[in-house]
């Protein structure tokens, strides 16, 4: 076995952080790489690594005239998405992981990982990637170091985080960091040929909440391999937030300026495929309103000295789903992707650009699909994988807010929760207090089957849009939200709203046009925050009056508008009957306050 002293580059650590240096040495001895590189995040390093990846066949440089400094990657067809069934929360006690997470005894998992990681980087370079989640120097930010044997991960981390020398400098000689180890699980024996996308059929994405560690094996794909994203910024950070009294959330952050010049910041949590990025990059249809982007996916929120809740976007880039993103749905995203972008599992055009379903109304006559095959509009499979991605610097977004890197964060005025609901849930409902808002967050769901008229389809619950990302028992997470609200100055807490852009008629037609028209709902919310928009009390909460929701210039049927702005008592009685089954999943750890909210809803519906 090679000792640490024999591994080139290991002793060249550009830091005096003793714990970091010792940990890197320990992982090098375990994984046995050919050499170690300490990443500085420089442009020269990026250029060197992209050239290496082109040489290996992992990346293809796109046409510089069409897409400057941009690249295309195609993954192994077995490695295309997050692997929820291989994602573990290894808390000391199983009950602390809770019923919504996979748990394994940490001692057992460590033995398993030890066996998998032993020699797993043989024949490869081990990269040490220091990074900062959130603006450098912010009291809301936190540091991490990822060790990886994937240069694709290194270049992606440079886009998605503040990576390299500045993060290492911030760490100093004894600063706290989350250690994150990633291996493709594809050691290269001497003289063996590599493949363009190395990975392993065995995959483990593991989190140790008490020790704040992340270990990921076998996947080179996004959320499994870019460990600053879901693994740190949500699963580990949610545990840190619980212990330290803050919030780490799966939320966009939007800056809204009214025609009167008043600014409000709004955070919103929606499950995937419910329009989070589209709302984050909203182009308002209402005259005089301006929307700007602070973040599209994750928010870290702490109370400031003035008692208000301040949020930062811990990421530095967007890791977005390409299919469905087009001029019609999200023109700002399309403008963001002009260059400096890595596209993964999209299709390639004959002139060296990229394409995916939804980019244009008509597909090109010929493409190379994500599996490298010829594709024409007559082909039976999509040209791009449905989870094809783009990785792009957030600063390129034309609507990026000037405050997006403000170390103080931005003060949140309102928090939105919502799922994809064809039935029951009105367009927008205001919670009368924080507790009702937490109740709304706890019951968020999307309908996975079509509903019959007057009935509810099959629901997939995704409380707070955190189901795949909460790093501890979700019942304790609800309790944490309730506690955060109890301790705060009630007058300064953000107001909470339950929204639904996806109501359908019995015939299956969307009742609300969505996209830029959602600015009308935001205008009513701002009106409520400022005390000049009317609402009507319902058993669910406060809904807009017909006159209070700005509908000028909107082509919408009166009956559809009525359905959007009504709480159907009979349907909501059915909805309320479905909640206990969801709550019982959490057993006696579910906060009594949420059962009380449910009982109060039932009694208001009966009233």
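Yeah, the Cβs are placed from backbone N, Cα and C, and that goes for glycine too.
Together with 273, 274, 275, 276, 277, 278, 389, 515, 516, 517, 518, Swiss-Prot lists one candidate of 242, 420, 421 for binding GTP, that being 420. Summary of the site annotation: Swiss-Prot records substrate binding at 82, 221, 222, 223, 387, 388, 389. Screening the candidates 42, 272, 442 against this entry identifies 272 as the one listed for that site. The candidate set comprises the binding-site residues 297, 517. Of these, 297 has the most other Cβ atoms within 10 Å.
Within 10 Å of the Cβ of residue 82 (substrate binding site) there are 20 other Cβ atoms, across all protein chains. Closest by Cα distance to residue 275 (GTP binding site), from the binding-site residues 82, 221, 230, 250, 388, is 250. On the backbone, the CA of residue 272 (substrate binding site) and the CA of residue 297 (Mn(2+) binding site) stand 10 Å apart. A 10 Å radius around the C-alpha of residue 222 (substrate binding site) takes in none of the recorded positions listed as 250, 273, 274, 297, 515, 517. Other Cβ atoms within 10 Å of the Cβ of residue 250 (Mn(2+) binding site), summed over all protein chains shown, number 25. On a Cα basis, residue 297 (Mn(2+) binding site) lies 17 Å away from residue 515 (GTP binding site).
Taking the recorded positions 273, 274, 388 in turn, the residue surrounded by the fewest other Cβ atoms inside 10 Å of its Cβ turns out to be 273. According to its DSSP assignment, residue 515 (GTP binding site) is helical.
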